[in-house]
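Undergrad: First the structure, which I've put down as structure tokens, then a few questions once you've had a look.
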Ligand SMILES: CCCCCCCCCCCC(=O)SCCNC(=O)CCNC(=O)[C@H](O)C(C)(C)COP(=O)(O)OP(=O)(O)OC[C@H]1O[C@@H](n2cnc3c(N)ncnc32)[C@H](O)[C@@H]1OP(=O)(O)O
Ligand SMILES: Cc1cc2nc3c(=O)[nH]c(=O)nc-3n(C[C@H](O)[C@H](O)[C@H](O)COP(=O)(O)OP(=O)(O)OC[C@H]3O[C@@H](n4cnc5c(N)ncnc54)[C@H](O)[C@@H]3O)c2cc1C
């Protein structure tokens, strides 16, 4: 087991190799990220590509982009995204770092006025990055204009030492043993560090040579654009991580046999047990659901970005709500699912050689980074409340809230389900999800009108986001899908995804009158039948993810199923087995045993 320093150095070597190949092969950002995935290092290249470069692209002028991106693409500088502080992460407007304009020298003075204003968490800040986009309160002519982005050099490009006035280091080890511990999330304090005025990212706002603050005609929320971009990529990440865990658990469930042998025959595959299927197959369905909604979200984000180019900001709120909501729902579900997949693999699921502990450790923080999942869902709730009031004033909602325009019908419709088979009807499923989401949003709006609260609407936000995921799965099935029998299998998975949510949130569906108790039990019955129908193709459905054994990194999830010899082989690789008699025996164990033996002979 590598020490953290060895792990960091090993990752730095791999990352530097990846960067070198990126430049030599002239890789695009997309290709560089794929390279990162396949060297499976969540380290340094993330923040440089994933946030430092997009922040400059989104908030820098053409001139600033030309200057800084040229260096960033060639890895002449390595950047990070320094927003979060010791005292504030979720509340960006609460950040305390200051950037005070000094007209006498045409510079900004960057300063950490309090301990809690120390920058804290930025990936790569601790030991690697030479530059950062630093978010700070812009102060000019004695007035605080709130949070803006500034490019700062942190370390010398000659010997990598921190520049004067900058105290910088790593924040220490984190949850889990592997990947995120290879990343140097850092702490930084600034002591009146001066930077030229032109290092303020000036696409959204400017400060003139005289110190006048000028806000351009774009929504100030574009300052948050980099986070929106990463949130949409995280949905695709979640679907990948979930499908890896499910691939391991399904393949292992097909190999593992426990109990059930008749007259000395073979024991039963644990994947045949209904309890195993009811725990695992919703995750299999979710892996496909998140992949499809992630593809749609990427389209939405691209579409919004193109509209922004032509100063059309109309879909910015929708983009914020969708990226925030889908990042929140998919990462929470994925973290829970990976943990459950460990349990679905019994004892062997807790071995590092299963690949599951590391997968969990790397993906758990996604519930927090890029926005705490609760805080993001409250943003969705705010968006829904605004939409409900617009509908009440006669405005026709569009996009993912278009269903709210059908308020007359959805507020009083009864589900058409009368038989188990009816739950196979996508239209019936979609209507039930629309009715639940709308009724919960309206109930919430009514509660807020009685007692205003910033925290109402969390459940309504979840209902709205789950409706989006179900809708995109149903829409995907309306496309041409190649491969004999593939569409039929995906239809079953779509049914499992939707019906397991009805099962899980039956209280919502009953309390809003969207389904009756009988319809709820018909849904459960349908779910059990779907599990049995998916079982014969479960292994094929995870093989379809097409992960190599290297990428999966799991003795349990091997394509050839040769699990036990893989586990056995892996065990002997552990450093503890380098000696037959363990270190410490002579000092600690032997004296005790000898003494006890002597006593026993007295
Ligand atoms: C390959 C992958 C590897 C992936 C691997 C990645 C590696 C790990 C990287 C982790 C990097 C980080 O964590 S970087 C740091 C991430 N940090 C965060 O995500 C911070 C989360 N907090 C925030 O985003 C903000 O503080 C909010 C949105 C919660 C609140 O902001 P606020 O300014 O106070 O705004 P608020 O009053 O709530 O709302 C005012 C109005 O602005 C709107 N609004 C708010 N945000 C936005 C927005 N982003 N876009 C549009 N509109 C917005 C609201 O809807 C509202 O509209 P109206 O209702 O007035 O119409
Ligand atoms: C692995 C990792 C990498 C990171 N990388 C970076 C990086 O590169 N750059 C960067 O700038 N940051 C980074 N971060 C920081 C990250 O963005 C923040 O931790 C995240 O935004 C959450 O903010 P917080 O820590 O302030 O949580 P808090 O907001 O303090 O959350 C604590 C609790 O308070 C609750 N809460 C907060 N506000 C409300 C509210 N209004 N209503 C109800 N409940 C509320 C939350 O739900 C949560 O349960 C990283 C974090 C991690 C874990």
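Placed from the backbone N, Cα and C atoms, the Cβ positions cover glycine too.
The domain 'Acyl-coenzyme A oxidase N-terminal' annotation in TrEMBL covers 2-78. Taken from TrEMBL, the feature FAD binding site covers 84, 123. Sequence annotations record features per position, and here TrEMBL assigns domain 'Acyl-CoA oxidase C-alpha1' to 224-385. Annotation comment: TrEMBL describes 370 as active site, proton acceptor. Annotation comment: TrEMBL describes 426-594 as domain 'Acyl-CoA oxidase C-terminal'.
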Undergrad: Between the Cα atoms of residue 123 (FAD binding site) and residue 370 (active site, proton acceptor), find the distance and write it as a whole number of Å.
TA: 12
Undergrad: Reported as an integer number of Å, what is the Cα distance between residue 370 (active site, proton acceptor) and residue 84 (FAD binding site)?
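TA: The separation of the Cα atoms works out to 10 Å.
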Undergrad: Given a separation of at least six residues and a C-beta threshold under 8 Å, show me what packs close to residue 84 (FAD binding site) in the same chain.
TA: 119, 120, 121, 122
Undergrad: Under DSSP, is residue 84 (FAD binding site) part of a helix or a strand, or is it coil?
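TA: DSSP call for residue 84 (FAD binding site): coil, neither helix nor strand.
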Undergrad: Have a look around residue 123 (FAD binding site) and count the other CB atoms within 10 A of its CB, chains all included.
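TA: There are 25 such Cβ atoms around residue 123 (FAD binding site).
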Undergrad: With DSSP helix as H/G/I and strand as E/B, how many residues of the domain 'Acyl-coenzyme A oxidase N-terminal' (2-78) fall in helix, strand and coil?
TA: 59 helix, 0 strand, 18 coil
Undergrad: Once the DSSP letters are reduced so that anything not helix or strand counts as coil, what is residue 123 (FAD binding site)?
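TA: For residue 123 (FAD binding site) - judged by DSSP and reduced to three states - the answer is coil.
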